[in-house]
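According to TrEMBL:
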BINDING   A219, G220, P221, G222, T223, G224, K225, T226  ATP binding site
DOMAIN    198-493  domain 'UvrD-like helicase ATP-binding'
DOMAIN    497-775  domain 'UvrD-like helicase C-terminal'
Amino acid sequence: MTPFHRARDAAKQLRTALFGDLSSAALVSTRVVEAVAHEDAEDFDISPAHPADKALGGADAVLLRKFRQIIVRNDVPSEERSFLIAHEFGHWKLHPEEHDSCHRVIDSTLKPDDADTFGAQKVEAYGARERAELQANIFARELLLPRELARSLFLAGWTATRIQQTLCLPLELVRQQLLDGLLLPDHGPAADKTLGAITPTKEQTEATTSQAKASLVVAGPGTGKTATLLMRVQHLLSQGANPSELLLLTFSNRAARELVERLQLAGVENAHEIWVGTFHAFGLEFLRKNHERFGLRSVFGVADKMAQIALIEPHIYGLNLSAFSPLGDPLDWLNQVVIAIQRAKDELADANAFAQAVELSASQADSIALEKQRDIVKLYRCYEERLRADGGLVDMGDLVMLPALALSQDHAKFLASVGRFKHVLVDEYQDVNRASARLVQALAKHADSLWVVGDARQAIYRFRGASMRNILAFGEDFPDHKTFPLNENRRSYSEVVKVFEHTGRDANPLQMVLPLDDVSPVRGASGVRPRHIQCANNDIVRGELASNVRRLHAQGVPYRNQVILASMHDTCGDAADALNAAGVPALHLGDIFHRPEIKDLLALLQLFVDRSGSGLVRAARLPGLQLPPNDLEFLIDCLKTRRPDALSWLQATPEGLSLQGQAAVQQWATIFHGLSSGCSPWDVVCILLFDRTDILRPHLAGDTILDITRRLALWQFIYYLRAPDGGRTYQTVGSFITRLRRRLRVGDDREFRMPPPEADGLDAVAVMTIHQSKGLEFEAVHLVDVDAWHFRVLDDSDLVPRSLLHSVVPRDNFEAETEASNKLYVALSRAKKHLILYETRARHNAACVAAVTKAAHLLDRVMGTFVLPKAPPTPGAIQPQSVDAFDFGGFLTYRACPRRYYYDVVRGLSPTAGLHPATLVGGAVMRELFALHDAVPGEPPSEVERVLASFGPELRDSLPYLKAYADQLLASGRSWLGTSRAAMAKPFRVTCAGLPLVVSPHRIGQSGSAITIEFVRTNPPGKVSAQRTALKWVLKYLSEAHREYSFTGSLYSLSNGATETVFPYRRLPDDFVLVPVADGLKAGDFQAQPAPWACPKCRHFMYCPA
């Protein structure tokens, strides 16, 4: 039972005790808190006070435990007053210690516009500072409006507003209880469990009773790491340590949650007084307590990656950068720069230290990398200046680096914050970075004991800055330490242990530095040998996965005790889709912003900012918002042509709609009344879902895993809308659309892929990446993609100088090679009894990973044959076209994504909302430079000026730089043209692999029999360019059709003035990559092809597929 489940159950029990059968009735909040305070119940005095009253001390409410009194400010509405009182009753019932009053009822509960930044919310989810306050909030919410009651009222037809007004509750409380009650799985009251008695091994006893100043416990997979850690806590308490003197640091909210639960289950008295949380949560609390010493405001935010980029982007234009161009769309390289800055902070390097490291490593870097690193020095200094400008923000790196440096330099200055910690315990020590290790050293220096547990062979987070050096060189940091190896595996049967031991020893570079000790499998042999299934293609992988999961389920292994592990997130999604399609329940949220139920809401939100109304293709089929098909097409045609202000058509309806269409638009007007792009997306979605439409209701029925997953995804998404995204700036619908695209482009959405803890009890196959599986165990593990490509060595970024990175041994790539081997070791060791490996060369044509091949004598090799039935294509995805020939530009679009072609060419949709302004400027430049081939060029139209004028006030500061970008492109284009504007070359036809194409080059050059087909683009093509490949293909067929000429192509890039010459293909296989593309276009196959990096840049992203 998590602390939050405990809070919810405590509130339910109190409500039931007070009201009996009426506890499930709709009770007014004032009646509830009065009943709790009554002398026959908790016997409390509720005293209102002026906010400036000294008794409040600046708090919203104060619990005076000794006098059974709650003092509450008298200037809040009665519904908020009830919540504040209920919150303090939560402390009374849940926290028996003398609580220091509630100096800040979590603002994010009742005031989402004043909420903590998204970064801070991620950090403190299981930080000790907030755990008690979050518990009290949940207690108050459940006491005043139980989830089950909220759900039953909504299903009975009550709106959120009616519930709020009738029960005298804060609207935010009602919304949150509705979300939780309607969308989260409910398994009834959480049963209190106790841990069974654990008989410690001799090694565990020695480790837990260590008297050494510093102890390193080496705990391999399944050797009882967490149990040993808990026994260490119990030993310290039995020896007289006070729980508040214990500091237990870990690396993830999930691990912190598990430790808190296990401490409670173990019956550790006053476990709530032990500080348990992540390094970042500890740092956040430390900085909050000492904010003035770091130049921070008393209330500051934590910048996530989006906030970091937003902080520096406006200032890049005046930094005189050499390697990075500030003009155009800088998001991709800014993302890499921010990652490099965070990596520097992991190594305790501020901007000056980074600059010194760059010059120290200059001789080891190539000229391009060195130029980039010197640019990063400028960007780092600018970034730090902006970050520290008003004391309102820190970043994730600061949360560890600043406390580490401060405590190392002057520990005595911070005794009030950390002086009580006499015993420091660290979980997963192999995952610490240099900053975390320095923080541990600073804390341990003044503590009675340091006790860490880890395993170098489970170090797989190097890409996040972790270094196994800290555990391998533990003796250098703590010379008087003692090491305690744990060598009994209680998790896995011997057949599994032999496999992962083999890979951890014979195929791991660590073996020459740290030989692997033999581990004794306590469970002995199971008689079940691990399997290695070789599959000819991905269809067979999917079929064998489903077949083996079913087989094990039939043998008594519940779905929830099986897991699919993969290296890549997209492989996880593919596996989960295959299992669910085969009727096997698999829990996997995947990329929630690509899910259909989320796209419904995104399409609605886009309508608030998009003049073209393109989102109607999806939104107009939602419950209560349906438009007749003919009216829908008519309305979209009007909007994309006239482009009026977004949603203005609700008041000024275009003439020509049917009577039924007019009535539907009037219904829309009623539903959207009072809502605008300046509203919070949280408010808009909550109003639409809980007050004005039935959009949510179809998702509330059904209890299959797909039904539950849909609800979980909605829950994740809607709660995400509450947090200020990218900083403390109030989020509007307009800013949300742009920020979401940017967040997805930089890959900062991983936390949305993990289901909330409420999903833990579902009987479904877990699907996750190997990194996500760290610390977990399953009866059966299905590991897919056991090929060399997925376990390849990944190089360090060349943006970080090598002198900052400290390797274990003086050998290039040692840690990278070790981590690649460790990843396989971690994956294999998750299994208790059943271990099944799936191999295919179909995707990357890579051989099986060498470590598995060398362990062939320990595996049963099987040839996979099972294939699942093919799913039918999506309805409407196949629409053959009656066209004489296809445009070459359209063909390029089709190759990128058939559905994008459908929207661009077949439907003619052209939304611009959310696209990067540089993309719009680039399009305007091309329209100024080129007229159609049969048109008189004339004077250049004012396309750039028109686009710049269309940008809103949020881009006011960027306008000079966007104009400079446009001027640069125009000058480059006119230099290439030799004039200010020209007509494009006459189109020509060519048939490629049976596909008739019309090619419209920007220019055709000819010298004798040599013809050059010339194209202009804004940015240079990448190493793998669809345009280059397709042009080579076209040139091949041109050369074959007109052998009297020699054909070449050229690609001119406006941004850098470079020209690339393109030569035709000579020989191609019959199944060349463009042949199926051509066949699909001819057949009218417009199925979407989602791509994590391409989709957020697409203008149709918010409503595709529709």
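One is the number of the first residue shown, and numbering goes on along the chain from there.
Even glycines carry a Cβ here, placed using N, Cα and C.
Locations of recorded TrEMBL features on the structure.
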residue : record           : CB count, 10 Å
A219    : ATP binding site : 27
G220    : ATP binding site : 26
P221    : ATP binding site : 25
G222    : ATP binding site : 24
T223    : ATP binding site : 25
G224    : ATP binding site : 25
K225    : ATP binding site : 22
T226    : ATP binding site : 15
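According to its DSSP assignment, G220 (ATP binding site) is coil. Same-chain residues that are not part of A219, G220, P221, G222, T223, G224, K225, T226 yet have a Cβ within 8 Å of the Cβ center of the ATP site turn out to be T228, D455, L486, N489, R490, R491. If you average pLDDT over the domain 'UvrD-like helicase C-terminal' (497-775) in this model, you get 93.
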